[in-house]
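**Student:** The structure is given below, and queries will be raised subsequently.
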Ligand code: SF4
């Protein structure tokens, strides 16, 4: 194969897909492909699809249709479709879009380069779907999108059977990765400069079920706490049914595990939770929230909520609002229920009219936004250390700000100056200490200038990746009393990249 063939991976859906796409890119680069320029048509276009989102199939076939003229003009171009929708639709994809070259499933992403090659040699479409996992995706090569933050899969699949969810039928039963393998990957990432890892699984609290250790997840968090240079550990998603106190203790007692919890509620009504086949009730959910707050008063707790599940009454919905009022989430991802073919809920009676769902949804969003704003306003005046991010603030250039995440994962937009007003520009991956000056519902603002910058190996890794020279670590800005020795302290503006 020519060295110059280019590729593009288009990703839809959840973090698991984003992570799988990093593996797909890594596999293709290992096989000699190069990433295509943003505005170029790639020689190989890979769709990593999602079956959870509404109209996912229409969108996929629409996108495949858009690519057809390019494919007709260049028969050497190849199109591959993977991910959950491919696992679901299988051969149907090449029947509906015969110009597709490769279809692969969620269990065999490692086969992509071979399938592309086979399709080229045999000049016919290759459809290969496995029923169970071939290779744990984390053992495949990877091309990570970020120099300073990384996903680490600890498990794939799910043993639950939530009636609205297609994941169990497409991703299969839960498979747990061995703790030693997970920790080896985390250590290797830290050696490359990564400052933050997010442990990823459909239900992280069930981690260990496959190898018979119900405390495996809390042990894993504590073991991450032992890794030198690992600044921040997060995880997603937990499940209220399996959430145990040892996890709360491990979170509270492990300094690099961040004070943040994203725990899906889905509904506050016990009746609806039962119909969703989510085997916890409102009281248990609120009990976990209370314990987390007792152990970590600074913790930000966020959630996912589905409005308008089949059969949801006004009283059921009021129960959800009640949990929202009591839990005081920092943020909620709110969804209007809509049918997903292949799920039990799609066949249930009591599907609600769109207007009813819309009206409830708007009430929920209004309530949550007011709570988020109140909670965020409480942080005004507080000093936080922000991990500087790349691409998190759309209007940053316009406002001369940078953006990043506070320890509790709140998004902070901050002025790109020192406290003296001189320009300052920490690199993505560096840590900037700022004081919150304003709290909006969905973000915080810190406009009084950066009080200190901590140059990190993660910032160096970002600089190397972007063709810039690493800088001496420990340089401070604006606050000579914190952290590094005075000899490395320079005044605002003196150590910035700009
Ligand atoms: S816990 Fe429920 S919603 Fe989450 S992946 Fe498993 S079945 Fe789906």
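FYI, residue positions are counted from 1 along the chain as it appears here.
Cβ coordinates are placed from backbone N, Cα and C, and glycine is handled just like the others.
Caution: TrEMBL annotation is automatic and unverified by curators.
The [4Fe-4S] cluster 1 binding site annotation in TrEMBL covers 14, 50, 84. Here TrEMBL flags 158, 162, 165 as [4Fe-4S] cluster 2 binding site. Under the heading domain 'MTTase N-terminal', TrEMBL lists 5-121. Marked as domain 'Radical SAM core' by TrEMBL: 144-374.
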**Student:** Report the binding-site residues (14, 50, 84, 162) that meet this criterion: Cβ distance to the nearest atom of ligand 1 under 6 Å. Use sequence order and write none if nothing qualifies.
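**Tutor:** By the Cβ criterion, which requires under 6 Å to ligand 1, the hits are 162.
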**Student:** Sorted by position, what residues of the same chain at least six away from residue 165 ([4Fe-4S] cluster 2 binding site) have a C-beta under 8 A from it?
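**Tutor:** Listed in sequence order, they are 52, 158, 340, 343.
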**Student:** Cβ within 8 Å of the [4Fe-4S] cluster 2 site's Cβ centroid: which residues qualify beyond 158, 162, 165?
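**Tutor:** Surrounding the site, in chain order, are 160, 161, 164, 166, 167, 168, 202.
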**Student:** So what's the mean pLDDT when you look at the domain 'MTTase N-terminal' (5-121)?
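**Tutor:** Mean per-residue confidence for the domain 'MTTase N-terminal' (5-121): 91 out of 100.
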**Student:** Measuring Cα to Cα, how far is residue 162 ([4Fe-4S] cluster 2 binding site) from residue 84 ([4Fe-4S] cluster 1 binding site) in Å?
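**Tutor:** The separation of the Cα atoms works out to 17 Å.
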**Student:** By a 10 A CB contact count over all chains shown, which of the binding-site residues listed here is most packed: 14, 50, 84, 158, 162?
**Tutor:** 84
**Student:** Looking only at the domain 'MTTase N-terminal' (5-121), what are its DSSP counts of helix, strand and coil residues?
**Tutor:** 58 helix, 23 strand, 36 coil
